[in-house]
Amino acid sequence: SSRNHRLSQITQYLERHFSTNIYLQRNSCGLLFNHTFLSILSLDQMFMMALTFSFTCKALSGVIMKSSITQIERRFGTTTSEAGLIDGSFEIGNLLVITLVSHFGAKSHIPRIIGIGCFITGIGSFLTALPHFLMGHYRYNSVSNANPLDNSTVTYAPCSTDVNSAGNNRSSILLESGCKSESGSHMWIYVMIGNLLRGIGESPIGPLGLTYIDNFSKEGHSTFYVGILHSISMIGPIIGYLLGSLCAKLYVDIGSVDLSTITINPNDSRWVGAWWLGFLIAGVLNVASGIPFFYFPKNLKKARKQSTGPIPLDAPSTNENVSQKLNFKDSEQAKKTDGFFHSLKCIITNQIYILFLISTLMTVSSFIGSITYIPKYLELEYDVSMSKSNFLMGTTTMPFVAISVLLAGYISKKLKLSVMGIVKLLLISRIGSLALQAFLWILNCGNQPIAGLTVTYNGNDPGTTQNIPFSFCNSDCNCDANVWDPVCGDDGLTYMSPCLAGCEYSVGHGKDLVFRNCSCVEANNFQSGNSSVYLGKCPKADDCSRNFIYYIILSSFTSFVIGLAIPSSITLIFKFVEPELKSLAMGFNLLLMRAIGGILAPIYFGAAIDVTCLKWDTNNCGDRGACRIYDSTSFRNRFFGLKMAIRAPEIICYIFLFIAIKKKYQENNTGLANNGGMDVDQSNLKEPLKNNKQLASSAHADGESHI
C-alpha cells in the first residue's frame, strides 16, 4: 500500500511539472506504464515530429532518384525514355497498393503500418544500390584511352592510314574484351525492383499519416499544419540535392580504381558519378524513421481520454468498457460506409472533384517531367555538370519553395481564406508560374559548335544539324565514326574524336593528354599556326554564363510562385467530398497522379528528348547505348514546348473550376443551392477551412514529386 501511494505521488508530480498525462494499465501480471512519455512533448507533438522526419526521408529518397537518373542511364546504357520507365517504377509500386492502403489502412493501427512502410522503403533503397556491387568496373568508350584502368604512357597516332594500327582499333578491342563479360547483363532490373519497393513502402506514409493527424488536430489550423509539414520536410529535397551533388562529383568506381587514369571529368557526358552511395544513405535514414511509429497508440484521442489522470491502483479494470466502446465505434463506422466500391462511386461521380483532379493531373505531369530532366537540360544548354546543377537546385530552388509553402499556409490561416479565396490564390499562382516559364524558354545559349554535327568542318553554320563525320581534312584517316571522345581544338571547334580532328600524334597521358598536328584544326587556324586539341568539349561563350545566372534567378522566383499554391491545392481536395471520404479522396487523387503523371510523364518526356539526340554511344556489344550529345535548340523547344502544351489546358480547367465553385457559392448565398448529385458540402464554400488537416504527399519531390 505504501509503495502504491508513492507511485501515485510520482505520477502526479510528473504530470504537474511536465504537462503530460502519465497513466497506468493493469494486467494479469501487475501494473505497466502504457505509452508513457516522460517529456514536455505530448503524444500528438511527438507524432508530428516522427511524421515530419519520415516525410523528410521520403522526400530525400525521391530526390536522390531524380538527381541520379541520368547517371543510371549512362551506367546501364539505356535511352532516356527507358530511364524514365525505371524512374516511373516507383509510381507503379505505389499504384499497386495506394487505394487499398488509403481505404483499409485507416481502420487499422495506422502508426505501425507507417513504420512497416518506412522499413520497406529502406529495403528498396538498398536493393536499388545493389547492382553496383555485382557489376564490373564502368568502361567508357574513348579512343584516347582504350582501357582507362591501365596506367599507360604509350602514345599513339590517332590519324593513321594503317587499318591495323592501335589507335584505329581501340574501340574494336574494347568491344571484343568487354562484350563477353557484360552481354546479357540485366542488372538494371534490380534498380527497377528496388524503386518499385520504395513506391510500395511510401504508400501509407502520406494518406494514413495525415489521416492520423486529422484525428487529433484542432479545428481551423489545417492550412497552417500543411504549411509546417511541407516546409520542414523540404529539408529532405534540399539535403537530397546536396547529397546528389556530392555523389555526382565522385567517380562511380571510387575506391576501386586509380582515379589518375580516368581521362574524363564531371562535365563530360560519359561521366558517371557514385549514384549508388546516395541510395545507401537514404536506405539507412528510412529504416531509422520507421522505428518511432511502433510506440504510438492506435488512436491519440482515445489515449488522451484514457490518460486524464493517474488511475487509482485499487480501481477496477476498464478493459471491458474500452472494448465495448471500440466495438460501438466500429459498428458506427460500418453504418457510415457501404463499402469500398460505394465510396469510390461517390468520389468519381463528384463533378467538381473530378474537374479539380484533371487540373491537378496536368500540373503534376508537367512538374514531374520537368524535375526529372532539368539537370540534363542544364548540362546541355548551359554546360553545367550534374553535380553543380544538383547543388544549385538544393540551394536555390528548394529553399524558395519551402519559404513560399510556409508563407502560403500562414496567409491562408491568418486571412481565414474561404474556398473561393483558396481557388483565387491557386489560379493566380498557376497563371504566374506559366508566364515565368515562358521567359525561361527564351533564355538559351544556342548549339555548341561541333564539327560534323552542328557546324561544318570549316566552322560554318549549315542552318540545321547534320551527321557528317568525315571531311577533306580527315579523309585519309582510318577513323571509327561511332566513337565519341570529344576534344577542343585551338580553332574553337569541338571535334568528335582526335582522329576525326586529323591529329598525327599525342603527348602526355591521363587528363593531360594533348594531340598535335591536327590537320582539321590547322585548316581553320592556319594564320596562328596552332593545330592542337585537348580532351573535352570547348567551353561555351561568356554570355552563356550570364544567361545561366539569369536562369537561376528567374527559376527561383518561379519556384516561389509555384509553392504558393501547394498547401491550398491539397486542402481543396477535402472540401469537395464528405468527411468520411477524405482519406479515399486523397488516395484516389494520388493513384491518378502516380499512374498518369508519375509513370507516363518521365517516359513521354524522355521519348521527346531522345528524338533530339545527335550522337549515340555504342556499348560493349556494338548496340546503341546512352545518348552523348543532343541538339540543344531542339531539346529546349521540345522540353519547354511539351510543358506548355500540358499547362495551357491546365489553366483552362482551373478557370472552369473557379466558375463552377463561384456558381455554387452564389447559389448558397441566395438559398437556391442544389447539389445536383454532387457530394459538395455547400456550407464550406463560404466558411474558412476547418477540417482539412490532411496533406497529400506531393507530386514527387518523389519529387518525385514530393516537393
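Cβ coordinates are placed from backbone N, Cα and C, and glycine is handled just like the others.
All TrEMBL annotations are machine predictions without curation.
Here the structure is a predicted model, which means the values were calculated and not measured.
Residue ranges 47-67, 110-130, 425-445 are listed, and TrEMBL annotates 110-130 among them as transmembrane segment.
Non-local neighbours of the transmembrane segment (224-252) in the same chain are 48, 51-52, 55-64, 66-68, 71, 75, 132, 138, 210, 213, 217, 259, 262, 266, 271-278, 281-282, 385-388, 390-391, 393-395, 398-399, 401-403, 405-410, 412-413, 566-567, 570-571, 692-693, 695, 698, 701, 703, 706-707; each lies 6+ residues outside the stretch with a CB under 8 Å from one of its CB atoms. Here the domain 'Kazal-like' (467-522) has, by DSSP, the following mix of helix, strand and coil residues: 7 helix, 11 strand, 38 coil.
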